[in-house]
Structure formats: C-alpha cells, structure tokens
Amino acid sequence: MSQTRGKYDFCIGLVLAMSSSIFIGGSFILKKKGLLRLARKGSMRAGQGGHAYLKEWLWWAGLLSMGAGEVANFAAYAFAPATLVTPLGALSVLVSAILSSFFLNEKLNLHGKIGCLLSILGSTVMVIHAPQEEEVETLNEMSHKLGDPGFVVFATLVVIVSLILIFVVGPRHGQTNILVYITICSVIGALSVSCVKGLGITIKELFAGKPVLKHPLSWILLLSLIVCVSTQINYLNRALDIFNTSIVTPIYYVIFTTSVLTCSAILFKEWQHMAADDIIGTFSGFLTIIVGIFLLHAFKDVNFTLANLPVSLRKDERAANGTLLSTYDCFNHDEESSPCLSEIQSTESLSARRNGSLSAF
C-alpha cells in the first residue's frame, strides 16, 4: 500500500513540476508581448527604468502565470523529491523557445533546436544523479542553518555582487550586455529560494499549531523574500525588454540553477554524502545543459535549417575537391540559384578584372 501511495505521489509531483514549467515558460511570452505593446505606444521602456508595464494587462497575465508556476513548483516538492523537481525547470526553456517562435516571431534555427534538446537531456541526467538535500523540519533548525558561517559568507558575497551590478555595472553595460541584468536576477534568486524553503517550514509548523509567528525569523524571511522577488521581477523585465526572449530564458535558467545549487550545497551540505558517480553525473548533466544554452546563444543569428543542410554539405564537398559550381548545377536547383548566381558573377568579375575590362564594374 505504501509503495502504491509512493508511486501516486510521484506522479502528482511529476505533473505539478511539468505544469510549473509550462506556466513559467508561457509567462515570459506574455510579459514580452505586454512590453512590446507598451513600446509601440511610445511608453518609457522597462529597459530604460520605466514602470509603465504595471498598467498593461498582458504583463499582469504573465506575472500571474509565473505565480501559478511557482505555486505548482512549490507544491511539487511536497509530493516528489527535489532531485526530480529542480532539473525539470529546464522544460520552461523549451516551452518559452517554442512559444516565442509562434507568438513573437523569434525563429529558432537548427542550433537552437539542438540546444533545447541537449537542455532536456542534461536535465534528465541531473534528475538521476542530483544530490539529496539535508532534511530540515523545524524553524529552529533552519535558523541554525542560516547562521552557519559558510552561508553567511555566501549571502554577504551575493549582496555585495548584486549591489555592484545594480549601481556600478548596470548603468554602464546593462543595455548592451545580456549577462548583467540576468546575473542580478539569478544570484538574488538563490537567496529567494532559501527564503521560500524557510517560509515553507514556517507554514508547515503554523498548521501544526506552533507559535511560529512570534519567531522573528519568520518575518525576516518574509521581508527578505519580498525584496528579492521585487528585485528579480524588475531586472528580469529589463532583460526581456532589451534582448531576445529565446536567449534570455535559457541563460537565466543556467545562471539561476548554478546559483541555487551552490546555495543549497552550502546551506544543506547535500554534497557530503554523495557517491563519486552521482557527483560526476550531476556535473555532466549540468555541463550538457550549458552546451545546449551555448548553441542557443552563440548561433542565434545564423540562418541554418535542415532544409539547407544538404546544400551546405555539397558546397563543402566541392570546395574540398577544388571544383567550381557549374551552370547546370545552378539552374537545376532552385534553392541554390541565388548563391550560385552570385558565385558565377564573382567569377566573371574576377576574369574581367584580370583582362583589364571595365565592364565588371
């Protein structure tokens, strides 16, 4: 009976985690659509510090969608292990990329599609090998964890780095460097996850009838969460307003996941009891995701699909053999007409120049 119940809970957690990715992935599209509508109206853009998006219903729909996704994600932890729920956040990258190609005309090339596939495969490997976090049942235990010197140093560094990015680097490079605003969201997100964990314990003890509202840590965690989430929303909006959604989403996932894994390792000491194969598997899965993100980002402007793959292969083969395209090849393949014509023209132009003719000009 307990085994059947365990499988039932696992399925519920899996469905909730996947639903969370769908809601969160869709929220990026709704927010971007709202920001684009404001830009067409001539309102001050979020990337320039404007807050006109607060009056746009599409932006609020995106925010509610993200909230629903976070609620589903939070509920998933109650049914399924964290090793399943956390890596499945990569599905939001795939959802966002697919929806952006339909609703935002942000086309994904072949490299981007392979990158999405690698992100999913890497997440699957992380599901199998991800570390188990140390159990924390009470608010007093959480307070002890948060007071650990290692975590205090980590949190201090996060705050210092965030302040430098916000007040020094952001005004100078935020409009041109995609990593600035996304890094602010991600490193602060590590702290917000810790706050969510602590508040989850607080709510659990509150329903158990314990006087947790008198504990000062409860209010500190709530206030910290409000500050962290507000900052994340602000700078994520700026990143979405300036840069391509299909690029912002995966980069945000990678940096955010790295920050959360680092924070969890320091806070819960979850890597101490892992086997060597699980450590290798976790890093391998995460590196696979990073490779997928690189393909999405580095080749985003390359117009390359499966349709022109045979053309490229034939051109490479001919170039390797030192042969030129024939007129017959050019006019018998419609998809090659333009490249061939330009190549013929360039060849004729070169011959004309060698013969001293001005007609080539």
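Just so it is clear, glycine is given a Cβ too, placed from its N, Cα and C backbone atoms.
What TrEMBL lists as transmembrane segment is 12-30 (among others).
Feature annotation from TrEMBL assigns transmembrane segment to 57-77 (among others). If you look at the transmembrane segment (57-77), the same-chain residues 6 or more away from its ends with a CB under 8 A from one of its CBs are 13-14, 16-17, 19-24, 26-35, 37, 85, 89, 92, 196, 200, 233, 237.
Taken from TrEMBL, the feature transmembrane segment applies to 84-104 (among others).
Taken from TrEMBL, the feature transmembrane segment covers 110-130 (among others).
Residues of the same chain lying 6 or more positions beyond the ends of the transmembrane segment (151-172) and with a Cβ under 8 Å from any Cβ of it are 145, 180-181, 183-184, 187-188, 190-191, 231, 235, 259, 262-263, 266-267. Positions annotated as transmembrane segment by TrEMBL: 151-172 (among others).
Residues or ranges marked as transmembrane segment by TrEMBL: 178-196 (among others). A Cβ distance under 8 Å defines the sequence-distant neighbours of the transmembrane segment (178-196), meaning residues of its chain 6+ beyond its ends; these are 74, 146, 155, 158, 161-162, 165-166, 169-170, 221-222, 224-225, 228-229, 231-232, 235-236, 238-239, 242-243, 247-248, 251-252, 255-256, 258-260, 262-264, 267.
Under the heading transmembrane segment, TrEMBL lists 217-235 (among others).
The transmembrane segment annotation in TrEMBL covers 247-268 (among others).
Sequence annotations record features per position, and here TrEMBL assigns transmembrane segment to 280-299 (among others). For the transmembrane segment (280-299), the list of distant contacts is 87, 90, 93, 97, 108-109, 111-112, 114-119, 121-131, 246-247, 250-251, 253-254, 257-258, 261, 274: same-chain residues at least six beyond its ends, Cβ to Cβ under 8 Å.
Tertiary proximity for the transmembrane segment (84-104) is limited to same-chain residues at least six positions away from its ends with a CB under 8 Å from its CB atoms, namely 10, 13-14, 17-18, 20-22, 24-26, 28-29, 32-33, 36, 69, 73, 76-77, 112, 116, 119-120, 122-124, 126-127, 130, 245-246, 249-250, 253, 257, 260, 285, 289, 293, 296.
Proximity of distant same-chain residues to the transmembrane segment (217-235), defined by a Cβ-Cβ separation under 8 Å and at least 6 residues beyond the stretch ends, is recorded for 63, 139, 142-143, 146, 162, 166, 170, 181-182, 184-185, 188-189, 191-192, 195-196, 198-199, 202.
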